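*Asks:* Okay, handing you the structure first.
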Amino acid sequence: MKILVLNAGSSSIKYSLFAMSDRRVLLSGILERIGEAMAVHRYRLRDDEPVSVEMRLTNHQQALQTLFSGLAASDTVGNGDLACIGHRVVHGGELFHQPALITSEVINQIAGMIPLAPLHNPANLLGIEESLRLMGNVPQVAVFDTAFHQSLPDYAYRYPLPASLYTDQGVRRYGFHGTSHGYVAKQAAEFLGQPLRELNLITLHLGNGASATAIEKGRSVDTSMGMTPLEGLMMGTRCGDIDPALHFYLSRNLGLPLEAIETLLNKDSGCKGVCGENDMRGIHALADAGDQSASLALSMYAYRIKKYIGAYFAVLGRVDAVVFTGGIGENDTRLRQQCCDGLSALGIVIDPRQNRAPAPPCAAIHADTSTVKILVIHTQEELEIAIQAETCLTALR
Ligand code: ADP
């Protein structure tokens, strides 16, 4: 069985084609700068050298046309060989606890969630609608970033606001990165040789966006991102947790309009706001060269992660493992060390030697004295979308 996974953003479409028998990636790529003067298609066929081609792509329809004709011309999928297309959809609101076979009703429901995710759901929908037009004979499944967190109890997902904002407007914590948190939780269970339903985990997805999740007996019971992906940990360009009254201050004292505040908190804050750099490797380079603001950004970043580890320890009572994942979580030795420093009272003790040499896709980096295991696990969100799409299709047969 072959499954194509699509992640459609506003100006880019990422894709991966999987052979599900051995979960191999046959083809993966990204179509970027769609709608700009010159777009670029970067892709890699099996283990070949990556290829980059510049072309004009005025819209998502043309981009997907390019992808599907490329697929047909390659030897990766034969006629009728593509079992399914799995689409990443950011917001599934309270409607979707599971992946869903895409029908016109599901499309309408995803469209109904646009007010909750105005930056993401419209682009995800565009990818779905154009794929249906071009490949309508292939079953298509929507996999939601929010679905894994639908198990949160009400006292964790409700905000202390007037109840009508929840009942009438859907204002609550939804959480994101659910595909990644769910995937690494399953991998952790496999690595530890224990059933997931018996494990309590704190999973830390640290990439350009970042979030922490408390997992009790395999189910998400709290997560740091909220109604939007802005809440929670400090991120590359997003502020994470701040005083909500800051908005009034910015508006009253600086005269900033709402849109400017939204941009400031989403695109010009986080690490970028503190030290002018949002890429973690760049931040380390600056800090190593003596830049005090970069050192401060690193300290703030790790400190805020540590606070969530402490909070989720209290939520869970017993923690079997802390799991680091995402580009930073998987690669940043120093940051992992900084996050775990001083947590021995909680039984969290990192082994500096293991921490420096974790072996992907899954490695243990805790000291022998650590009662909590510390794992580094390579996340594979695209593969998890393919697996969930396959499970959804199988259940329908
Ligand atoms: P996204 O959230 O867009 O999927 P990634 O999960 O790939 O992003 O994470 C990107 C982040 O990972 C960047 O800040 C990048 O600097 C960081 N990163 C990647 N490799 C390393 C490394 N070796 N050391 C520190 N940070 C790294």
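Each Cβ is built from the backbone N, Cα and C atoms, and glycine gets one as well.
Predicted automatically and left uncurated, TrEMBL annotations should be read as such.
Per TrEMBL, active site, proton donor/acceptor is recorded for D145. As annotated by TrEMBL, Mg(2+) binding site applies to N7, E381. TrEMBL lists K14, H205, L206, G207, N208, G209, D279, M280, R281, G327, I328, G329, E330, N331 with the feature ATP binding site. According to TrEMBL, the substrate binding site annotation covers R88. Per TrEMBL, site 'Transition state stabilizer' is recorded for H177, R238.
Show me how these features fit into the shown structure, please.
*Replies:* Its own atom aside, the Cβ of D145 (active site, proton donor/acceptor) has 26 Cβ atoms within 10 angstroms in the protein chains shown.
Residue environment of N7 (Mg(2+) binding site) contains 22 other Cβ atoms, counted within 10 Å of its Cβ in all protein chains. DSSP assigns N7 (Mg(2+) binding site) to a strand segment in the three-state reduction.
Annotation for R281 (ATP binding site): no spatial neighbours, criterion Cβ-Cβ under 8 Å with sequence separation of six or more.
A 10 Å cutoff on Cβ-Cβ distances gives R88 (substrate binding site) a total of 22 other Cβ atoms nearby, all chains included.
Secondary structure from DSSP puts H177 (site 'Transition state stabilizer') in coil.
When Cβ atoms from all protein chains are considered, those within 10 Å of R238 (site 'Transition state stabilizer') total 26, not counting its own.
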*Asks:* Pull out the recorded positions from the set R88, H177, R238, I328, E330 whose C-alpha sits within 10 Å of the C-alpha of E381 (Mg(2+) binding site).
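*Replies:* For E381 (Mg(2+) binding site), the recorded positions whose Cα atoms are within 10 Å come to R88, H177.
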*Asks:* What subset of the recorded positions D145, H177, R238 lies within 10 angstroms of K14 (ATP binding site) at the C-alpha level?
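*Replies:* Candidates kept after distance check: none.
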*Asks:* In the structure shown, which of the binding-site residues D279, E330, E381 has the fewest other Cβ atoms within 10 Å?
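*Replies:* Among the binding-site residues D279, E330, E381, the lowest count of other Cβ atoms within 10 Å belongs to D279.
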*Asks:* Given N7, D145, I328, E330 as the recorded positions, which ones have a Cβ positioned under 6 Å from some atom of ligand 1?
*Replies:* I328
*Asks:* Among K14, H205, L206, G207, N208, G209, D279, M280, R281, G327, I328, G329, E330, N331, the annotated ATP contacts, find the widest CA pair distance and round it to a whole Å.
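*Replies:* Between the outermost Cα atoms of K14, H205, L206, G207, N208, G209, D279, M280, R281, G327, I328, G329, E330, N331, the distance is 23 Å.
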